[in-house]
Amino acid sequence: MTAPSQVLKIRRPDDWHVHLRDGDMLKTVVPYTSEIYGRAIVMPNLASPITTVDAAIAYRQRILDAVPAGHDFTPLMTCYLTDSLDADELERGFHEGVFTAAKLYPANATTNSSHGVTSVDAIMPVLERMEKLGMPLLVHGEVTHADVDIFDREARFIDTVMEPLRQRLTTLKVVFEHITTKDAAQYVRDGNDYLAATITPQHLMFNRNDMLVGGIRPHLYCLPILKRNIHQQALRELVASGFTRAFLGTDSAPHSRHRKETSCGCAGCFNAPSALGSYAAVFEEMNALAHFEAFCSLNGPQFYGLPVNTGWVELVRDEQQVPENIALADDSLVPFLAGETVRWSVKK
């Protein structure tokens, strides 16, 4: 029996789904991502969503201004799709290298999504343009109808929105983001090379019992919501299989402590500080460390048609405690796994 690895050396990873927010929050959270990842797909759901090239350029600069000296980090900007978005504006942003992808939020599916798309038909001309451009569509895959149970929203989305869309636009590149169900895992596995998925650390590590049994744990509350154990296991098996169209997307989504620990708390896990080590722990538990680098560093660039990062990151088997909180100007952030010990940490 061989001794377990003490060091994991991988190509520098990318985060294909992150929320960096704005203002003081942005300045606080950006370094946790820029220190580790070469690139990150930045979500556009600010209070005033990023729907124009100029807005994306300005936001990108605010992000870059928050990157500490010595960090080599490139934010990849996305356009927030709305019913009224101009396809020419989207194409201009893509050709000018401002927009890497566009994001489809069903209206009111998650934080700051009230401006989202009311129906796919409303944006079909934009999606047709994206298909011609080879521009990826990033999808929050949940229906938001009041009569659909929150635990069924993803599976229903596949049947009523995702599959009809992909039948209609057969060469549109689609990333099914933060998948949470065995239905989505099977759907992506059965799909063609134009369909990929991101998976978060929390959906690999936890299920809804972890959030709800023995007291409500608001810092595990995110959208899409944690599902049953059978769904968690399906996600773990997907990544452990070495499936090449699944890749790292933390969906790190910071909210101040008082907005999480309240009678009507916000959805989102701020997992940037511990995400890479969390993924490593899952792959180790699944005896799948041979596929860890591809998930973190190779599969995403392959799908997006981008080069693999040239640098390297080392994780060491060195137990460290995640901070209980991180200071904000007028509050604090409670990170994912706060106060808990993680067995893999990034070598500084």
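Placed from the backbone N, Cα and C atoms, the Cβ positions cover glycine too.
According to Swiss-Prot, His17, His19, Asp251 bind Zn(2+) 1; the candidate from Lys103, Lys347, Lys348 that the record adds to this site is Lys103.
Among His140, His145, His219, the residue that Swiss-Prot places alongside Lys103, His178 at the Zn(2+) 2 binding site is His140.
Here Swiss-Prot has His19, Leu20, Arg21, Asn45, His140, His255, Ala267 binding substrate, and the candidate from Leu81, Leu220, Leu223, Leu306 in that same listed site is Leu223. Proximity to Lys103 (Zn(2+) 1 binding site), defined by a C-alpha to C-alpha distance within 10 angstroms, is shown by the following binding-site residues from Leu20, Arg21, Asn45, His140, His178, Leu223: Asn45, His140. When Cβ atoms from all protein chains are considered, those within 10 Å of Asp251 (Zn(2+) 1 binding site) total 27, not counting its own.
Around the Cβ of His19 (Zn(2+) 1 binding site), the same chain contributes Val42, Met43, Asn45, Thr111, Asp251, Ser252, Ala253, Pro254, Gly268, each under 8 angstroms and 6 or more positions distant in sequence. Annotation: Leu20 carries the greatest number of neighbouring Cβ atoms among the binding-site residues Leu20, Leu223, Ala267 [cut-off 10 Å, Cβ to Cβ].
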